[in-house]
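One structure below.
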């Protein structure tokens, strides 16, 4: 058998012989080279023939190896003959030849499109001297540089773009990793989701999402409104008593907290310094903040709607994903236990959804529940109307009440009553679940959200009417500051009531359920009531950001405290939901309620304030103007006289100041929303049909298997002798297989002995 060492020796001999050929060899040298090559080829063929003969005498396996060696020797003979032919035809081995021959041009043309590595290997394998190889490489490089000179610039641009895209992807991945590592409360949210499920987790995710809004709003206001005002602010001469934290009056009135403290002059330090118009900065900063919130809400709604309603994997059971997709990067014991809890909770949620979807009720049960739903809706609507009427009459007489009572705590009457209503009425709504008895917990949460949002938004609407029609037209010295103080007190009182309910009310409920009335047990977390508290507070912040620019900072602190207080109360006083259910679509509904009617109502309120109300004459950045919007009108008139800013004037008059533009924009948004909704409905139908098809195919297979079993039983009963013959055939086949297995083992043993001991 021809070994690899023999082949390498032959190749080395050929290379040595070829390297000995000079640029102008003689005919004797050429003849000697051919003789030497023929002798080496004959040696290879003779060795291969000997190996073939030996392989035929040894075994069948060695015969195959001999054939492989024979094929190798044949291919080597052919390659040798082709090499000799090319040597003769190219003119390299004959006197007076050059690279300009036809064969040389073909060789150069074949080497040019190769890569540098392949080209070096091909030139190295050529049977030439080192000097000829160097010359050939230089010629090929020169020809390649001529052909590819005009492509080099394009390749450089492509390489630059590729490097930029790679750097962008790497920076994006590293930035996402950094953001995930510094994400707020990531570990706490995993613990909550593992113990209480995604339904309770949706509340804390929504709270964190609102916190990001307030952080952005505070940074914007602090950068463009508060810092410039600090540069021209006068020293506050009022005395701080500490009561201002609850009432919002007194010392805080002459600070950057309220609208009335800001100047209406243009800030300029030095004669040559840049000017800063405080009117434009105030209105543009508030407008930029609300515009950013508007588009963020739209984008978030679209993203969650696409992920939770349109993608089909949401409606699949997802059991296979949970069971067969374990994250093997989780190695710590605590992380593994937490992952197990998350998986078990998600499996229970999926199974509960499947069970609840398949449950059906009789006609009498449906009629009874429909009657209970109607009664509950009538009672809840009546309670909401009564509460709104009480708030309306209290707000109408609030100014007269404050004038007759000089006690500083009298200003807390309206916020106290409103906070009591917001705390007590949702608890009454939550008791309706004992009568309604919804099969799916998601439907119960939706109904409670609708009832609570109707109550809270109605109360906010009445308060806005009171501020814009009673306070703004009352002739007070600085009515904008009064509205800001009312909103601050409402926000603070609602926060205090939430803390008291978390640490006192829920704690007492746990004591009663665990020790006094054990049949009640631990309570479940009321998602609807707690979410509506967040939406109510955020609505007040958006309304008051014009009258109190520091409200986002105050809300930011409150949300931090609220998260930890709710987390502690959740772990101590609540139990996981008795009916597990997936809340993946709840976040979309929360953001939709925050957008409509909350944020749209805020935009309407601020639009009326800016376009219809007259600012105070003695305070605020817009003092002395007939309307707030006149600061924009005067700025546009100033820009219209400057040719370089005419494009700003065109944008304002044709887009921002045009009713038709906003009408078209609203129409486009509604059309896109309708299309997404139709896509979601179509995919729901498609997924349901596919599920039914899978179930029917399974039934068809079971039917065919049963028929096949019956036919086999009938054949066995009709021909019992065939069964005996089948058994005999099986036994014979088994014995033959055993014999073959033993023979193969014996043959393997013999071969191993022969290989280990050649004499044997």
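Cβ atoms here come from the backbone N, Cα and C positions, even for glycine.
Note that the coordinates shown come from a computational prediction; the quantities given were computed from them, not determined experimentally.
The annotation transmembrane segment is assigned in TrEMBL to 209-230, 280-299, 370-395, 410-432, 444-468, 539-564, 584-608, 656-677. The domain 'TMC' annotation in TrEMBL covers 478-584.
Under the criterion of 3 or more C-beta pairs below 8 Å, with sequence separation of 6 or more, the transmembrane segment (370-395) and the transmembrane segment (209-230) do not qualify as touching, having fewer than 3 such pairs. Residue counts for the domain 'TMC' (478-584) under DSSP, helix first, then strand, then coil, are 79 helix, 4 strand, 24 coil.
Panel annotation: around the transmembrane segment (444-468), residues 199, 380-381, 383-384, 387-388, 391-392, 395-396, 398, 418, 421-422, 425-426, 429-430, 433, 436, 438, 483, 486, 490, 526-529, 531-532, 535-536, 539-540, 543, 586, 589, 593, 597-598, 601, 605, 608-609, 613 of the same chain, lying at least six beyond its termini, place a Cβ under 8 Å from a Cβ of the stretch.
Remote same-chain partners of the transmembrane segment (280-299), defined as residues 6 or more beyond its termini with a Cβ less than 8 Å from a stretch Cβ, comprise 213, 216-217, 220-221, 224-225, 228, 262, 542, 545-546, 549, 591, 594-595, 599, 602-603, 606, 610, 621-622, 628, 631-632, 635, 669. Remote same-chain partners of the transmembrane segment (584-608), defined as residues 6 or more beyond its termini with a Cβ less than 8 Å from a stretch Cβ, comprise 198-199, 202, 205-206, 209, 286, 290, 293-294, 297-298, 300-301, 304-305, 307-309, 314, 442, 445-446, 449, 453, 457, 460-461, 464, 468, 527, 531, 535, 538-539, 542-543, 546.
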